[in-house]
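This report concerns only the one structure given below.
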Amino acid sequence: MRRIAVMGAAGRMGKTLIEAVQQTPGAGLTAAIDRPDSSLVGADAGELAALGRIGVLLCDDLAKVVDEFDVLIDFTHPSVTLKNLAFCRKAGKAMIIGTTGFSVEEKQLLAEAGKEIPIVFAANFSVGVNLSLKLLDMAARVLGDDVDIEIIEAHHRHKVDAPSGTALRMGEVVANALGRDLQEVAVYGREGQTGARDRKTIGFATVRAGDVVGDHTVLFAAEGERLEITHKASSRMTFAKGAVRAALWLDGREPGLYDMQDVLELR
């Protein structure tokens, strides 16, 4: 059995991850961690996820359970994830990282850690989204400079980063396929007298409202026709199942910084 620890276990995504781990053959939750000031520390993780008692108590320090897990799943905040990364690197533990909002410099820290431990880092662990990335690469290569490209994403009102990590990853895939640098061609929102659109730019539009789990559309607009590639998530469980799948896939892997394209053999 692959022994899995979940960081941020008392949160919405954490609870969903606990459920996904317990539902997956070959995986088992052996540690659950949350912030030290959480009033839920000491509670049974299974009960937090409405699964009933499973005998794994929520703790407040990763060091307390270092011998209890093989791989840590972390969907928290960049500052928290980087601390956990340093811990897992020192302890020789594998990581699944679904946290978004990292800076370029912080992503480099992930790459450095990948030289010593196996890591799967992805902006989105949904199988559908990762298939979409493959389709986006194909579409961009075929359509080339003959289209305007816009990325529209929507998430719930509590999401703190924008554009979403998934939208940015979609932009990176499209830009790379076209031989462009996303940092140079991205346009984040428009207002006022913007002038005519530069065809080589990639536009981003962000919506934050209600309880939207995650909608992403990439629009390729030409004269007389347009192509839209859309993915809509209706449940966080799709991300959680992908993360657990990645945790099982990492078993026995050499150190490296992998992503879901590797897990799904889409390269």
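Yeah, the Cβs are placed from backbone N, Cα and C, and that goes for glycine too.
Taking the Cβ of Thr99 (NAD(+) binding site) as centre and 10 Å as the limit, one finds 24 other Cβ atoms among all the protein chains shown. The feature NAD(+) binding site is assigned by Swiss-Prot to Gly8, Ala9, Ala10, Gly11, Arg12, Met13, Asp34, Gly98, Thr99, Thr100, Ala122, Ala123, Asn124, Phe125, with sequence analysis given as support.
In the three-state DSSP scheme, Arg35 (NADP(+) binding site) is classed as coil. Taken from Swiss-Prot, the feature NADP(+) binding site applies to Arg35, supported by sequence analysis.
Secondary structure from DSSP puts His155 (active site, proton donor/acceptor) in a beta strand. Residue environment of His155 (active site, proton donor/acceptor) contains 25 other Cβ atoms, counted within 10 Å of its Cβ in all protein chains. The active site, proton donor/acceptor annotation in Swiss-Prot covers His155.
Applying an 8 A CB threshold to same-chain residues 6+ apart, the list for His156 ((S)-2,3,4,5-tetrahydrodipicolinate binding site) reads Arg208, Ala209, Gly210, Asp211, Val212, Val213. Residues or ranges marked as (S)-2,3,4,5-tetrahydrodipicolinate binding site by Swiss-Prot on the basis of sequence analysis: His156, Gly165, Thr166.
A sphere of 10 angstroms centred on the C-beta of Lys159 (active site, proton donor) encloses 16 other C-beta atoms. Annotation comment: Swiss-Prot describes Lys159 as active site, proton donor.
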For the (S)-2,3,4,5-tetrahydrodipicolinate site built from His156, Gly165, Thr166, further residues of that chain with CB within 8 A of the site's CB center: Thr100, Ala123, Asn124, Glu153, His155, Lys159, Asp161, Ser164, Ala167, Gly214
Gly8 (NAD(+) binding site) in three-state DSSP notation: coil
Residue among the binding-site residues Ala10, Ala122 whose Cβ has the most other Cβ atoms within 10 Å: Ala122
